[in-house]
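Asks: Dropping a structure here in structure tokens format, bear with me for questions.
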Amino acid sequence: MDTKVGIDKMSVYLPHFYLEMEELATARGVEVEKYTIGIGQNKMAVPTIEEDIVALGANAAKQILTEEDKGAIDQVIFATESSFDYSKASSTYIHELLEIQPFAKSFEVKEACYGATAALQLACDYVRLRPNRKVLVISADEARYGLETGGEPTQGAGAIAMLISADPQIFALDMDSISITDNQFDFWRPNYSEYSMVDGKFSTELYKNIFTRIMTKMEATQPEKLKQLRAMTFHLPFTKMGKKALGSYEELADSVFNEEEKTALLNTWKSYFEESARLNKEVGNVYTASLFLSLVSLLIFAEDLKSGDQIGLFSYGSGAVAELLVGTIQDGFLNALNKDVIVQHFNNREAIDIERYEAIFNEAVPTDDSKTTIKGPIETAGFYLAEVDAHRRYYKYRD
Ligand code: COA
């Protein structure tokens, strides 16, 4: 039998502050239910100037790496669409901060929110050929649409780190997947623009359309495998999006399954949806990390899932590229994913009011060649952006 390859360790790291959607709704003169029910979000993570994508990613990865891992990692792949440099990859900083062995390579990948899935696939293929080596995949983003914009309630930030190895403890990925590319403008950010451009309604329709096209392809090519999927996780720019995707598959008239089979499949998937969206509701959009945050959420909260259960991962990146991955839960998943630590990390965050959120949102790293000590509004433990000097970013660690 082929060696199993996939996610051996996995961690989540969030900014210290968050804004309650209720606070945002009141400030923007919107009914709170629009955000909490209509969009499906409770809180929105708010990163400070110290908590850039490198700091978030390094803090996520630090939690999972042993000295042995650092010696076995051959690649550090950083997936993001919040990169602050056209050329230098965020993973070069991570490589140094975490003291990964010097002969590893480090690079960034990009395709909107799909990027981390591409990184994961690259990592798995590398390890399949070299089962005694490992790859570190980091996915970190800051979703910024701008104050008082239509996309504001779907902002968020955070990072997921995944260590990819043979015989993984958490989740083994199948080699087969179904991917799709469809050149569209639903969400994009030209290099000269600080904020994303989004056609939210079109993006929702495109996402649903692509999900149903992938489901149709899966039905046609691997119907038995599809029927065995215990749960389906989604890229969740806002949690209502996953419900909409399930609804679009339900409404799809043509199916190789009879009505009873399809209803049974959808009811099973629906029964796990709330657990798979629970963490995402508390963070907001984390772009590349959203799908993997949802996977963590499902694995720690769905109490009856067990080793051997197969899970679908629907990855969607605007622009648009999507892929359906299938993986199998492994024996050690509950030990490797420490639910108490994750829940505590979420609970240790601090709520801020609208004035503080807006002030933090407007803070920016200097763009001239001055030497500036970065001073955030709070000193949290871990890696942080400490200084910018002649356009170079420097990080420090605080106990
Ligand atoms: N109670 C309950 N639900 C309410 C409500 C209330 N008082 N008021 C409105 N709603 C519902 C609406 O019916 C709608 O639900 P539906 O989509 O199921 O029909 C939902 O809340 C959103 O309302 P809508 O008027 O469509 O909101 P909007 O015009 O402000 O746009 C987004 C919402 C999500 C489209 C917008 O925030 C956005 O574009 N975000 C970015 C999304 C993105 O990044 N996409 C690309 C990545 S995949």
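Keep in mind that glycine also has a Cβ here, set from the backbone N, Cα and C atoms.
According to TrEMBL, the protein has these features:
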ACT_SITE  Glu81  active site, proton donor/acceptor
ACT_SITE  Cys113  active site, acyl-thioester intermediate
ACT_SITE  His235  active site, proton donor/acceptor
BINDING   Tyr145, Lys244, Asn285  (3S)-3-hydroxy-3-methylglutaryl-CoA binding site
BINDING   Gly150  substrate binding site
DOMAIN    4-167  domain 'Hydroxymethylglutaryl-coenzyme A synthase N-terminal'
DOMAIN    181-259  domain 'Hydroxymethylglutaryl-coenzyme A synthase C-terminal'
DOMAIN    267-397  domain 'Hydroxymethylglutaryl-coenzyme A synthase C-terminal'
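Each of the listed features needs to be described in terms of its position in the shown structure.
Replies: Glu81 (active site, proton donor/acceptor) is surrounded by 25 other CB atoms, counting those within 10 A of its CB over all protein chains shown. When secondary structure is read from DSSP and collapsed to three states, Glu81 (active site, proton donor/acceptor) falls in the coil class.
Mapped onto three states, the DSSP output places Cys113 (active site, acyl-thioester intermediate) in strand. Applying an 8 A CB threshold to same-chain residues 6+ apart, the list for Cys113 (active site, acyl-thioester intermediate) reads Glu81, His235, Pro237, Tyr287, Thr288, Ser290, Leu291, Ser315, Tyr316, Gly317, Ser318.
In the three-state DSSP scheme, His235 (active site, proton donor/acceptor) falls into the coil class. Taking the Cβ of His235 (active site, proton donor/acceptor) as centre and 10 Å as the limit, one finds 32 other Cβ atoms among all the protein chains shown.
Under the three-state DSSP scheme, Lys244 ((3S)-3-hydroxy-3-methylglutaryl-CoA binding site) falls in the helix class. The number of other CB atoms found within 10 A of the CB of Lys244 ((3S)-3-hydroxy-3-methylglutaryl-CoA binding site), across every protein chain shown, is 16.
Around the Cβ of Gly150 (substrate binding site), 12 further Cβ atoms fall within 10 Å across all displayed protein chains. Secondary structure at Gly150 (substrate binding site), taken from DSSP and collapsed to helix, strand or coil, is coil.
Across the domain 'Hydroxymethylglutaryl-coenzyme A synthase C-terminal' (181-259), DSSP helix (H, G, I), strand (E, B) and coil residues number 40 helix, 11 strand, 28 coil.
In terms of DSSP secondary structure, the domain 'Hydroxymethylglutaryl-coenzyme A synthase C-terminal' (267-397) contains 52 helix, 36 strand, 43 coil.
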Asks: Whole-number Å only: compute the distance from the Cα of Asn285 ((3S)-3-hydroxy-3-methylglutaryl-CoA binding site) to the Cα of Gly150 (substrate binding site).
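Replies: Rounded to the nearest whole number, the Cα-Cα distance is 14 Å.
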Asks: Cβ-Cβ under 8 Å from Tyr145 ((3S)-3-hydroxy-3-methylglutaryl-CoA binding site), same chain, 6 or more residues apart: which ones?
Replies: Gly151, Glu152, Thr154, Gln155, Tyr195, Ser196, Val198
Asks: Where does the mean pLDDT land for the domain 'Hydroxymethylglutaryl-coenzyme A synthase C-terminal' (181-259)?
Replies: 96
Asks: In whole Å, how far does the CA atom of Lys244 ((3S)-3-hydroxy-3-methylglutaryl-CoA binding site) lie from that of Gly150 (substrate binding site)?
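Replies: Approximately 19 Å lies between the Cα of Lys244 ((3S)-3-hydroxy-3-methylglutaryl-CoA binding site) and that of Gly150 (substrate binding site).
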